[in-house]
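Feature annotations, reproduced from TrEMBL:
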type	residues	note
DOMAIN	C:6-165	domain 'Arginosuccinate synthase-like N-terminal'
BINDING	C:Ala10, C:Tyr11, C:Ser12, C:Gly13, C:Gly14, C:Leu15, C:Asp16, C:Thr17, C:Ser18, C:Ala36, C:Gly117	ATP binding site
BINDING	C:Tyr87, C:Arg127, C:Ser175, C:Ser184, C:Glu260, C:Tyr272	L-citrulline binding site
BINDING	C:Thr119, C:Asp124	L-aspartate binding site
DOMAIN	C:174-391	domain 'Arginosuccinate synthase C-terminal'
There are 4 protein chains.
Amino acid sequence: MLDKKKVVLAYSGGLDTSVATMWLKEQGYEVITMTADVGQQVDLEAAKQKALKSGASKAYVMDLKQEFVKEFVWPALKANAMYQGTYPLNSALSRPLIAKVMAMVAKKENAGAVAHGCTGKGQDQVRIEVCTNALNPELDVLAPVRDWHFSREAEMEYAQAHDIPVMATTASPYSIDENIWGRSIECGILEDPWNEPPADAYTLTVDPWNAPDHQEFVEITFEKGIPVALNGEAMDGPSLIQTLNEQAGKHGVGRIDMVEDRLVGFKSREVYECPAAMTLIAAHKALETLTLDKKVLASKKELEVKYAELTYEGYWYSPLKEAIDSFVDTTQEYVNGVVKVRFYKGQAVVRGMKSPNSIYQQNLATYSEGDAFDHAAAVGFIKIWGLPVKTWKQVHKDKMPVEIFC
Amino acid sequence: MLDKKKVVLAYSGGLDTSVATMWLKEQGYEVITMTADVGQQVDLEAAKQKALKSGASKAYVMDLKQEFVKEFVWPALKANAMYQGTYPLNSALSRPLIAKVMAMVAKKENAGAVAHGCTGKGQDQVRIEVCTNALNPELDVLAPVRDWHFSREAEMEYAQAHDIPVMATTASPYSIDENIWGRSIECGILEDPWNEPPADAYTLTVDPWNAPDHQEFVEITFEKGIPVALNGEAMDGPSLIQTLNEQAGKHGVGRIDMVEDRLVGFKSREVYECPAAMTLIAAHKALETLTLDKKVLASKKELEVKYAELTYEGYWYSPLKEAIDSFVDTTQEYVNGVVKVRFYKGQAVVRGMKSPNSIYQQNLATYSEGDAFDHAAAVGFIKIWGLPVKTWKQVHKDKMPVEIFC
Amino acid sequence: MLDKKKVVLAYSGGLDTSVATMWLKEQGYEVITMTADVGQQVDLEAAKQKALKSGASKAYVMDLKQEFVKEFVWPALKANAMYQGTYPLNSALSRPLIAKVMAMVAKKENAGAVAHGCTGKGQDQVRIEVCTNALNPELDVLAPVRDWHFSREAEMEYAQAHDIPVMATTASPYSIDENIWGRSIECGILEDPWNEPPADAYTLTVDPWNAPDHQEFVEITFEKGIPVALNGEAMDGPSLIQTLNEQAGKHGVGRIDMVEDRLVGFKSREVYECPAAMTLIAAHKALETLTLDKKVLASKKELEVKYAELTYEGYWYSPLKEAIDSFVDTTQEYVNGVVKVRFYKGQAVVRGMKSPNSIYQQNLATYSEGDAFDHAAAVGFIKIWGLPVKTWKQVHKDKMPVEIFC
Amino acid sequence: MLDKKKVVLAYSGGLDTSVATMWLKEQGYEVITMTADVGQQVDLEAAKQKALKSGASKAYVMDLKQEFVKEFVWPALKANAMYQGTYPLNSALSRPLIAKVMAMVAKKENAGAVAHGCTGKGQDQVRIEVCTNALNPELDVLAPVRDWHFSREAEMEYAQAHDIPVMATTASPYSIDENIWGRSIECGILEDPWNEPPADAYTLTVDPWNAPDHQEFVEITFEKGIPVALNGEAMDGPSLIQTLNEQAGKHGVGRIDMVEDRLVGFKSREVYECPAAMTLIAAHKALETLTLDKKVLASKKELEVKYAELTYEGYWYSPLKEAIDSFVDTTQEYVNGVVKVRFYKGQAVVRGMKSPNSIYQQNLATYSEGDAFDHAAAVGFIKIWGLPVKTWKQVHKDKMPVEIFC
């Protein structure tokens, strides 16, 4: 029997989840916090202490960077996953991991509930709750911040009254979520789509005009769709991403500014910075054009759209995601090679690629000697290719009339 | 009765089509040339004289820039048409226009055939022949260059023997096609995808590091999906594109380098430069995110892929293109507004937009006071949204097992 | 200013909506009922009297059969709309009409709310509420039956206590919705998918073995995708559908039995009988194979899936539906002709068709003399068509190995 | 080194391939014939003798029924593969097998070429040649019948002159291809789509009115998407299909009559009879509605269309087919259970199903007591579900106006 008054809370170390810890405790719950290190800038030991001070009976702090990259980031990269073609899902990808780890801790601790600090209009509440449903339908999911309707001021007062440490600094105008795959930024000024994002919203990337005045190159080696080396040097996933985040970020690469359709029915202006993600997706896509068949590329693109939607909408643990992964993995067998990328003033541009599995055949493509293409075949091909429109016009003689305008 | 020994030849002014003129004449045809001005850099009067010297009985020279933009470029822009997500179809879009004008001239001149100077492995032969099939199935289509198999040297000799003027300059290493929507470049060195495109291949764009050191902005006004003004100043289509080509090109914007899947069954490395096209497509897409519904955006994206394929593959005059145009036009009713674009060092970035038809609602999106979103509704929504995966897991208890790694 | 205490109720004449009328009145509303005649078997005058007895201040009874067919059924037929490829949306199509007429009556009566008698787990609540949102966002939507949680017995008691007439007959085990496009049946026994639907669930169709022992034919004439005549006799929409319902129903045609995915997150066993709908959709689809281009057929099929989903999910009044209608209407221009259908023992089978717009060309298809197809062209076509897989195999020599099993 | 003057011919035993054997021999080839037993009605020993009499140096006769079902039919069934939603690909599925076995025999015999007896306008030439390209790009593919342009009379004369046995019977008006998955019929009278198929075209199915007057049931057990038992009795693939062919055929089930779009650019009227195939596909699809998630069903349907096209168009051995197979196989893990099918007068109707993996949950679907669905959640769900169209209408107030017609 699960203990329904024991709850595992995803704890960030910020005001919301600290207050939530105490608040849940006051509701009669034993609260166990779980703080995930997915590559964000946070003092984990301090977070642990703060959790305990905020009323947690136990505070887990877990380094999940390897799991995050291996089980979430790389599969998404293989699928070139970008929601609405633009957002590399940096925040969305961490939610199923957090839900999974909460479910694991709950199992270990025999807790009957998990909790998160999301509000009622974001996507993250959907992701964490739906993923938890999918992982262990018996777990209750609590959302104290959504339920209590505290204003910022009321939260502060509550915190002070309960001895929860509050940062002395004035509140940042930005609401941030960060991990190794990128950084999501929301703030009031962005709510008017005519406004440019403020320069100080960014921490991983410089403004392009502050980037170095010279171009810089990196060669990225892929094996079965996954990057394994930079400039020939093998690296594990988190290190490779970290290295690229720094290099690309220094050149101002990876800023995204979009109006995005939320699952909960409205449009939202969002700003992201994802230097490594944007570089790797561009390189990966390019390598696929060299190594994958035209029909595979076309069908994969359609599934990539679905993959990104499933991730965005909380369906990471779902039978469709499982089936698309099988499709994608079958194609990635062939995505091996090296891609040369140039960084300069805000742009990452693919400047060359080579692959042992290249199906680009120079002897077919060339216009020089050695041309292996059968030019005569084109005549028959075009005759048959054009037959349907020829027939159409023979039947519909009056359609698409040709008027003389000369 | 059409005169089957009278042929209208699409005449560029270059060596191939000049030799083709004479060659067709020697085969017993009366050759009427048609030179289309679609915004390329060419001396039209010189082309006319050269056509006549090469054996043409009559040489049409036609300014088609307005028709090209209105009937081909704007519809493609409304569909954000990019083949394989990358190539803005600059060359592909001019072929159905050329086929149409050849069919018109043929009708006027009672000619029974049209001819083009394409070789047997390109796309343009397909486009011109299939479009001609669709416009007037009774016309023969001749492809002298594909048929005669002259080497470059043989062509030169033939030209000299027949008094066809040949440029004294050494042959350019580049094979170029150009119009107002962009420029396509092929050359030998590009045939190895590891090689970077040579700097002198470009004429419309500068290298990013030679671009100005300051950012520059342009505000583009769209009406029903079509750009009608720059910085508030109304312009006709060709002028607006020309202006943007210069401004964006000066900042190094619009270079494309890709491996592309040809219709005729192989991959090809292609380089394009399309400063105005890339700027306008980026701005148009952004404005659609502000003014079109999520479901419309998603379905339109799928049809855009087909639209680009139809254009690439010669199916411009086809019933599917007609039906997709109806879909697209219905959506573009709402695509009105102004998009602010920043040019800097090779990039055109959207930095703001506004629209009288915006369906972005700040009172739904805001996290500040005035929030009109019903947070409580999210609870019910998530419950139902997550029900399928919850049910799935209840049935498939042993799937996606949760293992403790903490 | 709308009167928020005045409500227009969609009134069927059954127990639920009669009790709802009285219950809303007791909550302080003035209730105006609207009973739509969409071809169901109902005594409209009796319904009107019952509404007034149940507390309505005014009772509209409206013959909407022409509007229903013209604005809802024919567009759906042009789109071959079948949810999950199986359900012809008979009930789903009437909801946007009912929402529209309620909005109209509300406007005329200055009512600030509309109401329906749906429960909380069906689709119809979604359809009526979402359509009302789309038609007039200022209207409140009330769902008394969903809110009050009366058991059947409590409802009966309430009715008797308030002098609402209750049918003396024992309750039917079936829950029915009916209109001219078909009949939806739910009942307890169907909740086990292993059970066969009971014979007495059907009223529009006979069991196949009770159908006549002879085949019968009908010739259906289509103009622009819409049926306009049976056996050469012109008919208006409702008459044509009614006639086919009788003829096809007599032969046992049109029974549907499926497990369907509801929008609200679970699967449901559903039984429908739609004699005319199933006959017309089969005939319409067949005529499209004769008159529409292969590429149009393929793309239209994809949009048909979306069209059916939008209808099923309450998005009839939405910009995507509008855009798909434009696509569909453009294609239906060509869908003219006559389809011969045979009825026999539960089946409607297309047995012949002809069209002035047929693009089937006997001289291309024939294997006899007069063959106009260029057989030689096939050689070149196949060479190019097969080039990608040939190249693939040349690169991936070890894949798909050929082992000797002879 | 392959011997380019040695050819493996796919030999049916008919006039075309017998003449082809001799004709190739006269062209200087050594001809090895390969006759595949894929379940058609043919005297294999007689075919062998005839091949040798027609000039073959060696005549293979191979029983491929197990391979055909296991490697081609079952994967197609798992994908519910029907070209244009109608044709179960019976002939198309045997071509990649024949190409594979020819490639195998060629390898064993060191032959440098394979040959087939197709003409220039069918699909089969495409399938065999493209599949051969994909299996062994070094093999030449010969198509003597396409090349020689013999009339029927000339063929007969040639046969008699070369002592090739010719059937004494008058030529059948039908051109037939048959295997265990069904039978394809072409004939002159079918070339007018207004004509009904003649009764004597069919051999596997009776006319519905000649079918028994009683219904008959079969229960089909599926494991991982593959049928493994009939009425509880385990059977291997060919036996199960054969049994169903007889039972369903006896009831007149499985006739297909369609206008189909050929790959080579024109429409063709085709008649098929596939009793087992149509029964199994219907049963399999039904079982999927019980066991697969809504999103999986929707995405799978899109891939099924592609799967059928790839099969139809000769792309069986292609990387996209390989990737779709991975997707499909992942989904079929869950497609286990029993489907009850009723045969009666031309129809196979699913009348019940059950599965250990059913995700239909009676406690969610029921309207009776025990209802586990949270009705209140619907309120929040609908609010968010309808928000986009509500917003749309608030912005576009003048669109979709409500006019009073009451």
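Cβ coordinates come from backbone N, Cα and C, glycine included.
Features recorded in TrEMBL, as mapped to the structure shown.
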residue  : record                    : contacts (Cβ under 8 Å, 6+ apart)
C:Ser12  : ATP binding site          : C:Thr35, C:Val42, C:Ala47, C:Gly117
C:Gly14  : ATP binding site          : C:Gly117
C:Asp16  : ATP binding site          : C:Gly117, C:Val145, C:Glu155
C:Ser18  : ATP binding site          : C:Tyr11, C:Lys50, C:Ala51, C:Ser54, C:Ala159, C:Ile164, C:Pro165
C:Tyr87  : L-citrulline binding site : C:Ile256, C:Met258, C:Glu260, C:Glu270, C:Tyr272, C:Ala308, C:Tyr312
C:Thr119 : L-aspartate binding site  : C:Gln125, C:Val145, C:Arg146
C:Asp124 : L-aspartate binding site  : C:Ser91, C:Arg95, C:His116, C:Cys118, C:Asp177
C:Arg127 : L-citrulline binding site : C:Ala92, C:Arg95, C:Pro96, C:Ala99, C:Glu313, C:Gly314, C:Trp316
C:Ser175 : L-citrulline binding site : C:Ile185, C:Glu186, C:Cys187
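DSSP assigns C:Arg127 (L-citrulline binding site) to a helical segment in the three-state reduction.
On a Cα basis, C:Ala10 (ATP binding site) lies 18 Å away from C:Ser184 (L-citrulline binding site). Within the same chain, residues at least 6 positions away in sequence whose Cβ sits under 8 Å from that of C:Ala10 (ATP binding site) are C:Thr17, C:Thr33, C:Met34, C:Ala36, C:Ile98, C:Met102, C:Val114, C:Ala115, C:His116, C:Gly117, C:Ile128.
Secondary structure from DSSP puts C:Ser18 (ATP binding site) in a helix.
With an 8 Å limit on C-beta distances, the binding-site residues from C:Gly14, C:Ser175, C:Ser184 that reach chain D are C:Ser175. C:Gly117 (ATP binding site) counts 23 other C-beta atoms within 10 Å of its own C-beta, drawing on all protein chains shown. Between the candidate binding-site residues, C:Ser184, C:Glu260, C:Tyr272, the densest Cβ environment within 10 Å is the one around C:Tyr272.
Classification of C:Tyr272 (L-citrulline binding site) by DSSP places it within a strand. Under the three-state DSSP scheme, C:Ser184 (L-citrulline binding site) falls in the strand class. Predicted-model confidence for the domain 'Arginosuccinate synthase C-terminal' (C:174-391) is 94, expressed as mean pLDDT. Look at C:Ala10 (ATP binding site): DSSP puts it in a strand.
Here ATP is bound by C:Ala10, C:Tyr11, C:Ser12, C:Gly13, C:Gly14, C:Leu15, C:Asp16, C:Thr17, C:Ser18, C:Ala36, C:Gly117 per the record. The longest Cα to Cα distance in that group is 16 Å.
DSSP assigns C:Thr119 (L-aspartate binding site) to coil in the three-state reduction, placing it in neither a helix nor a strand.
Across the residues the record lists as binding L-citrulline (C:Tyr87, C:Arg127, C:Ser175, C:Ser184, C:Glu260, C:Tyr272), the two Cα atoms farthest apart are 19 Å from each other.
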